[in-house]
Amino acid sequence: MDQSSRRDESYHETHPGSLDPSHQSHPHPHPHPTLHRPNQGGVYYDSPQHGMFQQPYQQHGGFHQQNELQHLREFSDSHDNAFSHHSYQQDRAGVSTLPNNISHAYGGSHPLAESQHSGGPQSGPRIDPNHHPHQDDPHRPSEPLSHPSSTGSHQGTTHQQYHERSHHLNPQQNRDHADTISYRSSTRFYRSHAPFSRQERPHLHADHHHEGHHAHSHHGEHPHHKEQRHYHGDHMHHHIHHRSPSASQLSHKSHSTLATSPSHVGSKSTASGARYTFGARSQIFGKAQSRESLRESASLSEGEDHVQKRKKAQRAHKKAHTGNIFQLLWEKISHLLLGLQQMILSLTQSLGFETFIFIVVCLNTVILVAQTFTELEIRGEWYFMVLDSIFLSIYVLEAVLKLIALGLEYFYDPWNNLDFFIMVMAVLDFVLLQINSLSYSFYNHSLFRILKVFKSMRALRAIRVLRRLSILTSLHEVAGTLSGSLPSITAILTLMFTCLFLFSVVLRALFQDSDPKRFQNIFTTLFTLFTMLTLDDWSLIYIDNRAQGAWYIIPILMIYIVIQYFIFLNLVIAVLVDNFQMALLKGLEKVKLEQAARVHEKLLDDSLTDLNKADANAQMTEEALKMQLIEGMFGNMTVKQRVLHFQFLQLVAAVEQHQQKFRSQAYVIDELVDMAFEAGDDDYGK
C-alpha cells in the first residue's frame, strides 16, 4: 500500500465517524482521488452549516480524472481561521472548467455532469438518468488508479476497499469527523466561498442516512472534502440533511470546494466571501464575548452580594451569639446572686446568728463598764482597743449582711436603724482614734473635736441587748409598750417643758436679787426648777429666800411642784401603765384569738370529716339503709322474735289504716249532717 493509502487509513482511524456503517457491503468500487488537475471540476461539500450539494456524475470502472483545485489564499493558522464559505453566486452561475467527456483508462467514457447547487433557492436536485453507469470492465481491487492529467499519481484505493475500511467505523466517530478536521499551516488551496442558507440538501444513497460518507481528507498538502451522488446499479441513495449554523461549526465544518477556473473574478469572489465570513465570525464572537462578559459581571455582582449578605449574616450571628453569651452570663450571675441573697437572709434570721450577736453585745457592754475604771483602762488600753476593733468589725459585718439580705427594707425596722446608728458612731470613734495616733494637730481640728462628742454614744450599744433579748416574751412586751407610749410621753413632756419655761421667767423676775446664785439668768433658773422635780433641796431654797425677805416664794414653789410633779410626771406614769395594760390585753386577746382559731380549725376539720361521712352515707342505697336500721334496732332479737315483731307491726299498721278510713268517713258524715241542718233552717225561714 502506497503512502497515500496509508495516510487515508490513518485519517479514518483518527476520524472513524466520517462514514456511515450502513454502506458496509457496498458492491461497487470507488476510487479515492488525491490530486486534481487545474481544469477539471468535481465538487464535494460536507458541511452541516451549508447542507449538501449535488455532485458531478462520475463513471465507475475507469480512471477518475478530476480538476486540480487552484489555491486562492494562504492561511497561516488554518485550524482557527479555516472557513471555506463558497460563493453562492458562483455556484448559481455553474462556474466549472470540467470537460464534458474525459477518456477512461478501461475504454469507457466518463461523462461528468456540470456542477450545480443541490437544493438551491431556484433549482432543486437534478438527477441524470445516465449517471454512474457501469461499463464493461469493473474495477479491480488490485489495479492502480491514476490521474493522467495531474502532476502526480498515487496508488488509489478501490471503492470496495474504501467501503470495507470506512464502514466499520463508529457512527458517532463519523459525526465527529467534521468537528476534528485539522489543517496544516503550509496548505495552500483555492476555494470558492458561498454563504449557504439553512436549507435541506438531498443526498441520494440507497435510503441510508449517510453523513460525510465520502468526506475524507488526503493527509498530504491539500485537504479535500467531497460529497457525491452515486448510482450503483438500480440503487439510488437519497438523504436529506438538516443543519443549523453555529460559530464552532462555521470554524470547523464548512469546508467545501467548488472547482473554478483561475480567474480574477473567482479571486474577488473568494476574497469577498472570506471577508464576509470573517465579519460574521467577528460579530458572532463579539456578541458571544459581550454575553459572556455580561454573565460574568452578573455572576460577579451576585457573588459580591452573596458575600456581603453572608458577611452581614455572620456579623448578625456574632452579635446575637455575643448577646446570648452576655445574657446567659447575666442570668447565671443573677441566679448566683439570688441564691447568695437567700442564703444570707436565712443566715441572718437563724437562731445561731441571733445568739452570737447577743453574746457579742453582752461582751461589749462588759468592756464598756470595765473601761470606767481608771486603773483597768490604763493597764489594758491596748487590749481594750483590740477588742473594740473586733466588736466594730462584727457590727459592720452584721450591717452589711442584713443590707444584702433585706436591701432597703433594712431601714424599715426601728431597731435596725438604732443598730446602724450605733455602728456609724463606732466607726467614727475608730477613725478618730486612728487620726489621733497619726497626727495630734490634725486631731485637734474643730471638726474632729465635734465628732469626739459622739464617742460617748458607745453606751447606746447596751440597748442592743434589749433588742437581742427578744426571745424573752415579757421583756419584748415591755419594749413594745415603751415604743408604743412614745407619742403620748412626748406630748406630756412638751407640756412640762412649757410650764417649766413659764415658771423660770416668773421666778427669775421675782427672786433675782434675793437669790442671785440660783436665779441669776434663765438657764440657771431652768436648772434650779428642773432639780426641784425630784423634790430635793426645795426647803433650802425657801430658807435662803426667806432670810433675804422673800417669804412669798413658798406658794409659788408649791404650785410648781403640784403641777410638774404630781400632774405631769404622773401622767407619764399613767400613760406607761395604760400602754402596758393595753399590751397585756392585746396579748391575752391574741392568745384567745389563737385558741379560737385552733378551735375553729378543729371544728372545721370535724365538719369536713362529717361531710365526708355524710357523702359516704349518701352513696349507700335505700336497702342498705333499711338493713342498717334493722340491724341497729333489732340486731339482738332472735329469728322468732323478729317474725312476731314483724306481725305486730303489720297489725299496728292495719289498725292505723282502719282508723284513717274511719276518720275520713266520719268527716264525710259530719259534712252531710251540717248540710242537712243548713237546708232545714233555710226552708223553715221561708
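Yeah, the Cβs are placed from backbone N, Cα and C, and that goes for glycine too.
According to Swiss-Prot, the feature region 'Disordered' maps to 1-57 (among others).
Taken from Swiss-Prot, the feature topological domain 'Cytoplasmic' covers 1-351 (among others), and the record attributes it to experimental evidence.
Residues or ranges marked as compositional bias 'Basic residues' by Swiss-Prot: 25-35 (among others).
Here Swiss-Prot flags 97-177 (among others) as region 'Disordered'.
Sequence annotations record features per position, and here Swiss-Prot assigns region 'Disordered' to 207-271 (among others).
Look at Swiss-Prot and you will find 211-229 (among others) tagged as compositional bias 'Basic residues'.
Annotated compositional bias 'Basic residues' per Swiss-Prot: 235-244 (among others), in sequence order.
DSSP places the residues of the region 'Disordered' (289-318) in helix, strand and coil in these numbers: 30 helix, 0 strand, 0 coil. The region 'Disordered' annotation in Swiss-Prot covers 289-318 (among others).
As annotated by Swiss-Prot, compositional bias 'Basic residues' applies to 308-318 (among others).
The transmembrane segment annotation in Swiss-Prot covers 352-373 (among others).
Sequence annotations record features per position, and here Swiss-Prot assigns topological domain 'Extracellular' to 374-382 (among others). When pLDDT is averaged over the topological domain 'Extracellular' (374-382), the result is 86.
Long-range Cβ contacts of the transmembrane segment (383-404) within its own chain (Cβ-Cβ under 8 Å, at least 6 residues beyond either end) map to 340-341, 344, 347-348, 357, 360, 363-364, 367, 370-371, 377, 410, 416, 419-420, 422-423, 426-427, 429-430, 433. Summarising the annotation, Swiss-Prot assigns transmembrane segment to 383-404 (among others).
Here Swiss-Prot flags 405-412 (among others) as topological domain 'Cytoplasmic', drawing on experimental evidence.
For 413-435 (among others), the entry in Swiss-Prot reads transmembrane segment, with the evidence type experimental evidence.
Sequence annotations record features per position, and here Swiss-Prot assigns topological domain 'Extracellular' to 436-446 (among others) based on experimental evidence.
For 447-469 (among others), the entry in Swiss-Prot reads transmembrane segment, with the evidence type experimental evidence.
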Taking DSSP helix as H, G and I and strand as E and B, the topological domain 'Cytoplasmic' (578-686) has 101 helix, 0 strand, 8 coil
Give the residue counts of the topological domain 'Extracellular' (535-551) per reduced DSSP state, in the order helix, strand, coil. 10 helix, 0 strand, 7 coil
Do any residues of this chain, six or more beyond the ends of the topological domain 'Extracellular' (511-521), have a C-beta under 8 angstroms from a C-beta of it, and if so which? 528, 541, 544-545, 548-550, 553
